[in-house]
Amino acid sequence: MSPDAIKLLKEKVFDKSKWMQLPRDVVIGHDVLGQIAPVCEDLKLGRSALLISGKNTMDRAGKTVQDVIGKTCDVMVYISDEISPAVIKDAEKAAKDVDFVIGVGGGRVIDTAKIVSYNLDRQFVSVPTAASHDGIASARASVPTGEGNVSLEAHPPIAIIADTCIIASAPHRLLAAGCADVISNYTAILDWEMAHRIKGEPMSEYAVALSKMTAEILVKNADLIRPNQEQSAWFVTKALVSSGVAMSIAGSSRPASGGEHKFSHALDRLAPNKALHGESCGIGTIISMYLHGGDWRGIRQSLRTIGAPVTPTDVGIADEIAVEALLMAKTIRPERFTIFDMGITRDSAEKLIQMLYAD
């Protein structure tokens, strides 16, 4: 008689659970800043807000948001172009009595709003003025320290208001960096799948599918990404939001952050303020795809078509520094297993960097 036939044990109960925090309202399009008031009303966010912005982004979009939301809410304004622990603490003091937080600007502003709202247990609304990385929609925030950027877990925006006219008017370099950040999903997924096979790391098939599809759409339509075109801004912003949602589904940044991101963080430590986050991720993606045995030339060509850098020289970084970044990558978030943790020697690192320049 089989053990199951005895029926002495109670039946196993399905007890898995998953808490996913996702943006509830997403508005992307031409001249949509005016829709922030009905969105906040729909979400019942409250009657007082702290608007965090930078000097230039306040002029480009912040004042419009302030005027629109000011008709129904009391709005305080906090201006800072930098992000640091000191800035975050100062912004928290300004936000302690408000109902919600609005971030109007680029990555530093959005990340500041994200951390402040998380620490104070408030909701926040993301109003990006550039589409340079997937932080506009994700739960992750990056804070620079003396040893490089530190990635923190916060919560995603409850709403995203992205005006394509404003985003398209930003320097094309920012949009191209955003594209590269999304394209890096390709190798992030490969690393995640490898960690699942080798280390038994849990993996979300839904997050994998969404992340991969988002990267594929950008690669297949790379020739449509053009400077100062709202259609391009629309296309890239939607992809960045999808990438952020994939991370929320997974409950981690795994669907969009693998070895290429570890390389990016290492490069940022060794050559600060040289490359944008998405730019260095794009370069790292080419290397990672080569190591995975994938179509690295195709990735490189897509990045070139978009206008993103594909070599260290393109961003003013010496090849020797890039070699050191490759060797350092495995020390960044060592708990995250990637292809760069498989044992890259100095000789192979030098060859990998030279490979970027190959015909």
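Using N, Cα and C of the backbone, Cβ positions are placed for all residues, glycine too.
Source: prediction; values computed, not measured.
For the Zn(2+) site, Swiss-Prot gives Asp181, His277; the one candidate out of His30, His155, His261 that the record lists there too is His261.
Take the substrate site that Swiss-Prot assigns to Asp181, His265: the candidate from Asp134, Asp223, Asp295 listed for it is Asp134.
Non-local contacts of Gly107 (NAD(+) binding site) by the CB criterion (under 8 A, 6+ apart in sequence, same chain) comprise Ala130, Ser132, His133, Gly135, Ile136, Ser142, His277. If you take the CA of Asp181 (substrate binding site) and look 10 A around it, the binding-site residues you hit from Val109, Asp111, His261 are His261. Here the Cα atom of His265 (substrate binding site) is found 16 Å from that of Asp111 (NAD(+) binding site).
Neighbour density around each Cβ, counted as other Cβ atoms within 10 Å, peaks among the binding-site residues Val109, Ala130 at Val109. Fewest other C-beta atoms within 10 angstroms, among the binding-site residues Asp111, Asp134, Asp181, are seen around Asp111.
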